[in-house]
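Now, the feature entries from Swiss-Prot:
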type	residues	note
DISULFID	Cys112-Cys194	disulfide bond
CARBOHYD	Asn5	N-linked glycosylation site
CARBOHYD	Asn29	N-linked glycosylation site
TOPO_DOM	1-45	topological domain 'Extracellular'
TOPO_DOM	67-85	topological domain 'Cytoplasmic'
TOPO_DOM	107-122	topological domain 'Extracellular'
TOPO_DOM	144-152	topological domain 'Cytoplasmic'
TOPO_DOM	174-210	topological domain 'Extracellular'
TOPO_DOM	232-272	topological domain 'Cytoplasmic'
TOPO_DOM	294-306	topological domain 'Extracellular'
TOPO_DOM	329-402	topological domain 'Cytoplasmic'
TRANSMEM	46-66	transmembrane segment
TRANSMEM	86-106	transmembrane segment
TRANSMEM	123-143	transmembrane segment
TRANSMEM	153-173	transmembrane segment
TRANSMEM	211-231	transmembrane segment
TRANSMEM	273-293	transmembrane segment
TRANSMEM	307-328	transmembrane segment
Amino acid sequence: MGSVNESCDNYVEIFNKINYFFRDDQVINGTEYSPKEFGYFITFAYMLIILFGAIGNFLTIIVVILNPAMRTTRNFFILNLALSDFFVCIVTAPTTLYTVLYMFWPFSRTLCKIAGSLQGFNIFLSTFSIASIAVDRYVLIIFPTKRERQQNLSFCFFIMIWVISLILAVPLLQASDLTPVFVEPSCDLALYICHEQNEIWEKMIISKGTYTLAVLITQYAFPLFSLVFAYSRIAHRMKLRFANRNQNVTTNTNTSQRRRSVVERQRRTHLLLVCVVAVFAVAWLPLNVFHIFNTFELVNSFSVTTFSICHCLAMCSACLNPLIYAFFNHNFRIEFMHLFDRVGLRSLRVVIFGEQESLKKSMRTEFRSRGGCKTVTTAEPATFQRMNESMILSAMEQDEQL
């Protein structure tokens, strides 16, 4: 009996020694491990992503849900993005962090399958939501007076991104499974690895290579193309509008200060559009390239260190999206300040948004209370369309529609 217990203790000791990926011993039984310091670094990075990403997306969700005026078709896509990014931060990031830090899976087979597919679903939904926001903004410019058409297209976009996300997540649900590494019934010890099994992929209708390429196209290439196309067209419309305004300013007022204001606003708006595209492209490219190299065995072995860096960079997108689509949005900033005031965090509001933004918020609230916002309801169709487009572009200039 003593020898059995001693053997079990040895098994547990070996298990504890090889389970953690980041350690001082670089190679154990042919398995390469990463330095312990890198384990601390990657854990800290994931914790920051989880914390700030969850808070930023949660605030965005709360603002839209609690304020009826914010429940517009355009903000509906931002809400959808915030929901998907929130679950990326509280589900995908922690689960991946655990699989990066530890070799063996301590949970059930069902949780292994759910974790694999849910991680993919959240990522697909997040990136498709980003593309839908860009396309929705583009449609808003092309059909400024066709509100019913805009709503129908937006509804179609919403249904489409959920359906495609679910379809792309199904193969991950099938392929993810447990692989037994060590089973010792006498010690009640069983070690399993949760991963996508090549044997299951070979039995499926779609191969792993085909699936990886399909994900590269649908999750990265197509959304990136949508962002570049939509925002380049929007930027072109804005450029024409800025040129006309600058010409009018020069002709009528000849005021260099106002010209500089027009140029600065154009530069700031274009910079924001470029940032939207750049953040998506830079954040998701390394992870997609890694999956291509790993799937087609262009590298000798799977590197946990390389994967964790690529995945951590992709997760940064979930943190930056609330900044790009909400905190840089004028209407959202106003509502965030209202929210901070409502929960008694006025000092924090001033720290985050500054005195100038707080003053603008007070002036806007007073302006609304006096009935300063009016809507033009009668005009010739062509004139009304130009006015609508002009108002939309003006809103975008103030970062209200991105």
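Cβ atoms are placed via backbone N, Cα and C, with glycine included.
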Cβ-based contact of the transmembrane segment (46-66) with the transmembrane segment (307-328), 3 or more pairs under 8 Å: yes
Cβ pairs under 8 Å between the transmembrane segment (307-328) and the transmembrane segment (211-231), at least three: no
Chain-internal residues, separated by at least six, CB under 8 A from Cys112 (disulfide bond): Trp105, Ser176, Asp177, Leu178, Tyr192, Cys194
Intrachain neighbours beyond the transmembrane segment (86-106), with Cβ under 8 angstroms and 6 or more residues off its ends: 15, 18-22, 39, 42-43, 46, 49-50, 53-54, 57-58, 61, 112, 115, 118-119, 122-123, 126, 178, 181, 191-194, 304, 307-308, 311, 315, 318-319
Residues of the parent chain within Cβ reach of the transmembrane segment (153-173), under 8 Å, 6 or more residues beyond its termini: 73-74, 76-77, 80, 113-114, 116-121, 124-125, 128-129, 131-132, 135-136, 139, 196, 204, 206, 211, 214-215, 218-219
Cys194 (disulfide bond), number of other Cβ atoms within 10 Å: 23
For the topological domain 'Extracellular' (174-210), sequence-distant contacts whose Cβ falls under 8 Å of one of its Cβ atoms, 6 or more beyond its ends: 4, 7-8, 11-12, 15, 99, 103-105, 107, 109, 112-113, 115-117, 295-296
For Cys194 (disulfide bond), the three-state class that DSSP assigns: strand
Coarse DSSP state, helix versus strand versus coil, of Cys112 (disulfide bond): helix
Rounded mean pLDDT for the residues that make up the topological domain 'Cytoplasmic' (144-152): 67
Surrounding residues of the topological domain 'Extracellular' (107-122) on its own chain - C-beta under 8 Å, 6+ positions past either end: 84, 87-88, 91-92, 95-96, 165-166, 168-170, 172-173, 175-178, 192, 194, 196
Chain residues outside the topological domain 'Cytoplasmic' (67-85) and at least six past its termini with a C-beta under 8 angstroms from it: 53, 57-58, 60-61, 122, 125-126, 129-130, 132-133, 136-137, 140, 150-151, 154, 157-158, 161, 317-318, 321-322, 325-326, 329, 331-332, 335, 338, 401
